[in-house]
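Database features, via TrEMBL:
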BINDING   215, 265, 332, 523  Fe cation binding site
């Protein structure tokens, strides 16, 4: 059987045996390197922090182990993959131009591929050989002061903000697949098979604004997201129905204190409520205008402004609770659910997140210089835990924040979580995340969290950087952890592989070596085969 692989000098075809495969392979696309090569591969850096070798690739991988026969569909993973333009190297993990990766599973086979998302920011940078839009920490290099003033004017309209959709990817209820980042213009529709960028997802409503949560809540029946209001500090909670591009207002939350709304990279929901976090890491208009990044980039840490969680009824838009909580820093909420008493009355909301012990320096730790300079001995990853908020619904002014389990269970590292989607907004037991085996500078394990036993099971391979463990449930199962966990693994020697773990035992069931290692990626989604 043919295995197609690409290297920096071209591609080769060789015949290899793939266990359990007896029918011919479907054709694969192998683009020309002459037109697709995009960057250099610097072996002095770990593969995870090195730009992707070329713009696109697709081929079938040799599988070691066995892919479950029921696993039929495509895992898509989005993330920054190109961290330089010409000789200019980007500064922050979040700046890279988006690389979309796919793993297509069918009949025990695995077709893999990747492709750059063709945002206007990416295309302009390639054409002009320089940064042309404002990225997370990068700004265009201005020829003179008037050029800077002109760019500031375009900032207020959103025209100078990036559309580099390098954060997440979601499948809408109507089947469209959209890649996202925190700028609203950075919502791009892609083809999940070819990974082609089809165009911008144009919102047809009149909400305006420049930014939104990078992680909407997406199900087969709705799309929920938050729109921060930077002028009158607060948040709009909006819903969009499948088949439409129009967001409709559920309600508004006004900030309790502070000069601006807190960063809302993500937020949780329950069956009946939306939880709106007001974090003391707040947006900063002055930092948005700067030509050079500050230590906290677009944000400022305001501990004096305190921290709050607001609970809004999905049906009415009414705020049913607004409580002060201990200071916290989180990128990613895991899940939330409603706590009931013996009479089935909802008494509290429980909301779990990957919480960085109220330490905002995690943002600066993600500078590429820090990630690339790790020598294997320094234990510099800031501590993190599964932070559990309890929000009372009895009118109390205060909520609680505690550790849901002992942080040493997962090496005091915790981020990039997924759960069984059937338990979204409901009481749940298991979560899958990236944890830490120390010493380390970045999460380096895959971790299964048991919130009932308050224990964790960790997978670790020396020297690798795993991406978000993504859980896919076995069709028709009634067991919460009956399924597989998918992760893409970057190795320090320039290679990498796709990994499948059993969701229940957390043991490896299959892996497939990639033709070359891929940069670290962020978030993914599952597109089942119809």
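Placed from the backbone N, Cα and C atoms, the Cβ positions cover glycine too.
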The one of 215, 265 whose CB sees the fewest other CB atoms within 10 Å, among these binding-site residues: 265
215, 265, 332, 523 excluded, remaining Cβ within 8 Å of their centroid (Fe cation): 167, 168, 213, 214, 266, 331, 333, 522
C-beta crowding around residue 523 (Fe cation binding site), within 10 angstroms: 24
CB within-chain contacts under 8 A for residue 332 (Fe cation binding site), separation at least 6: 215, 265, 266, 353, 354, 415, 416, 417
